[in-house]
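Peer 1: Here's the feature list from TrEMBL:
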BINDING   HIS388, HIS393, GLU433  Fe cation binding site
COMPBIAS  81-93  compositional bias 'Basic and acidic residues'
DOMAIN    139-214  domain 'ACT'
DOMAIN    209-555  domain 'Biopterin-dependent aromatic amino acid hydroxylase family profile'
REGION    70-109  region 'Disordered'
Amino acid sequence: MAVAAAQKNREMFAIKKSYSIENGYPSRRRSLVDDARFETLVVKQTKQSVLEEARARANDSGLESEFIQDVAHLSNGDKTPTVEDGTHQDETKNGQLDADVGDDGGKKDEDYTLTEEEVILQNAASESPDAEHAVQKAALLLRLRDGMGSLARILKTIDNYKGCVEHLETRPSQEDGMQFDALVKVRMSRTNLLQLIRALRQSTSFAGVNLLSENNLTNKTPWFPRHAVDLDNCNHLMTKYEPELDMNHPGFADKQYRERRKQIAVIAFAYKYGDPIPSISYTESENSTWQRVFNTVLDLMPKHACREYKAAFNKLQEADIFVPHRIPQLEDVSNFLRKHTGFTLRPAAGLLTARDFLASLAFRVFQSTQYVRHANSPFHTPEPDCIHELLGHIPLLADPSFAQFSQEIGLASLGASDSEIEKLSTVYWFTVEFGLCKENQQLKAYGAALLSSIGELLHALSDKPELRAFEPASTSMQPYQDQEYQPIYYVAESFEDAKDKFRRWVSTMSRPFEVRFNPHTERVEVLDSVDKLETLIWQLNTEMLHLTNAIKKLKSSHFE
């Protein structure tokens, strides 16, 4: 119950709604990177509003605020223990109350600022009576004005609140006017912990009281999906791009097309992990649109697509998945990918948030739409449709090297900050969507947006745009526009070169932990303990033994 409550309260600061046009999302900007930037802004605004509301409740009602009223009565009756053995006083040299302490024991400045950790703890405690009394481990960082003499009062106050001190350490403070910093790790009920923090804050002996919570309330490892089943909770749409809301959409005036889009979206929203992907009975018009684009790609592919794309495209044709007269079903494509690279598909209703979309790649899951672009605009779509997904993304997801690169982008996104999500989205934009590479000194396309958009492909390979070498550090900071053809494209020497540069760049990210995908359990693991690292080393040593033996046998057979 405590874990569930903690997760629910973490979600206070998460995005719960789809940010489509009616929720303020700019209707003419539809890219993954802009989604990330918009998401960053809304996350900050949401977090700030939650904190301000909680702080206002605490300040408006003073010491008798909801902050105190919501907690259970302590076992010693109505008497509230404080920093000084049941009172709010702090001794001076004369044994009198501090000048800054009022008659009610509180500081005259009644402004009480809740931190994000305290808001989460407060809400977790208010879930139920059991949650109120749940044992909470926490670390308190205290800045002491009066030196070591304050430690005795701290320990006595913790004891009064029925707390247990598990660790205590001090060090000289680096702050001007402070004597020491003290780190105190405690174990006590949530209600008592909340009142302890409030009592410590009323004392003028301390310049700061900071809560560093544990037990999955707030910690250095934020929530992110650990298994593909968690992707059921990662399907937030930034832009549904409803045709009826934007008159520039090709289907704006087509009521039948709008209804068709809604029907297919309902199917995607109902999908859950483990379900077979529902089949779509595509109409004659939809299959005709597919055929026009398919045949054009087939004509241009030999000259302009990279070798990996062409090889996988041929395999899809041989498997009777890519044929000109019908749109492939996602279930068939997913089964094909699983056999070749371990990737699978799941249906999406539209353009996902950057964080949710990138997270799916960590599990080798690609979120694909199933609706088809409007028949009046077969060679252009203002948002991802199944033709873009199938002809643009799927062939390279069937290539082992590119599949690995895609997964590494996804793994790098797990637990990343909002600003880093923006950078990863930008790298994704200029590689997976609009990437170019060298092949026998000639430019070839590997970006899905190029390979599924004929006009953009021919523009990218002309002498009009500026071409730059792919370097993740600079690429991730490059502004771009999505109203017209790209003025700048990034060229990779090869997939392997791009992967190597990407890995080095990711290592500089500020995320304070490392993750890996365990192919045996199909779970993402945080490498945050010696046991996990020893297990990984053992697995790697086993793999190296197999590789070494294989090399020896190959050499032996070669010289026989």
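Just so you know, glycine gets a Cβ as well, placed from its N, Cα and C.
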Peer 1: How do the residues of the domain 'ACT' (139-214) split into helix, strand and coil according to DSSP?
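Peer 2: Taking each residue of the domain 'ACT' (139-214) in turn, the totals are 24 helix, 33 strand, 19 coil.
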Peer 1: List, in sequence order, the same-chain residues at least six positions removed whose CB sits under 8 Å from that of HIS388 (Fe cation binding site)?
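Peer 2: Counting only residues 6 or more apart in sequence, the Cβ neighbours of HIS388 (Fe cation binding site) under 8 Å are THR369, ARG373, THR381, ALA448, ALA449, SER452, SER453.
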Peer 1: Once HIS388, HIS393, GLU433 are set aside, which residues in the chain still have Cβ within 8 Å of the Cβ centroid of the Fe cation site?
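Peer 2: Other same-chain residues near the Fe cation site: PRO384, GLU389, GLY392, VAL432, GLY447, ALA448, ALA449, LEU451, SER452.
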Peer 1: What average pLDDT does the predicted model assign to the domain 'Biopterin-dependent aromatic amino acid hydroxylase family profile' (209-555)?
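Peer 2: 87, rounded to a whole number.
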